[in-house]
């Protein structure tokens, strides 16, 4: 018979810790949130601005494209500008095709980056593949940088895939093409990691990733990688898509894998709306980790979905205002009020679940539903503290939330 404990997250998979510019990935460290710019890296101003925005939003590592000489030359300048802004955010260089040449030709770039991302599927082809892969690994050893060996099924090593397909065709009970592709993805990562170690890069400088665009495939390849190695793992559903589809797909895929103790760093690869906010992917990554109980980034606002008892929009507007205020103030609150990210706020719309949910929160309000007495009890630390009445209930509650934060979390600052 199953017990309640059977539904808790599985223990984190034991993985080798990797230091990425002072941020620890794996080894039981908190799961790291990362993101990637979509600027032309050679455009220093726009790249610095976007890296800064992503970092302020909570991205602990930021990847930038390094695709040509101009981009490579810009990297140390970008790093310097960020440091002048007080942002010591580790930058990851995303290399494809000519990474070996760019790192060799631009030593300042090689030094400024905190990690190199290598794609085994396009690091080189035929007889040049292992040679050019080795050149990047040797640069990582020279500059003492970790690497992420990032396999992507959109650019999978075709020689390896063809060999496995041929082998499978000759088998007595052949697997499906999809299963063979999954195996090729996993083997590409593991064989590349083994080659990197053979060249001399230690395991504590290697992170692996296997990215696909289908939920079931992501679950499969990362479960296979986790079973066959103890490398730190980077999770991400590539080409997840736009809007709610991308969010749902990424959450479903990574949520399952994380629940099984797999994953040391995550990136949510959302396609932004035209002129949209790139930081949305950081927020979604944080929310995945927070709702699953793995990390705390911002106070949680619980709010009911509404029903026929809540024809007023007051509770919806209040919940939105509080959520927006929290996001806006967190950069300051995080420093001023240590521990504030653990705060739970409830904004409920009627008497059915309102009082109960509010009691479970640190501070909560149960607004009157349709036909109910126009009064809103406020609960603080599980007890009814007061009742708000009148036309300014929402504004009064917002002030109470700020007051609660100052009194509870400000004490720590004052005592230091």
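Cβ from N, Cα, C; glycine included.
As annotated by Swiss-Prot, [4Fe-4S] cluster binding site applies to 304, 307, 350, 357, with the evidence given as sequence analysis. Long-range C-beta contacts of residue 350 ([4Fe-4S] cluster binding site), restricted to its own chain and to partners at least six residues apart, with a cutoff below 8 Å, comprise 304, 307, 309, 310, 366, 367, 368, 369, 370, 372.
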Lowest local Cβ density (other Cβ within 10 Å) among binding-site residues: 304, 307: 307
Near-site residues: [4Fe-4S] cluster, ref 304, 307, 350, 357, CB cutoff 8 A to centroid: 305, 306, 309, 310, 315, 348, 349, 352, 353, 354, 369
Neighbouring C-beta atoms (10 Å sphere around the C-beta of residue 357 ([4Fe-4S] cluster binding site)): 20
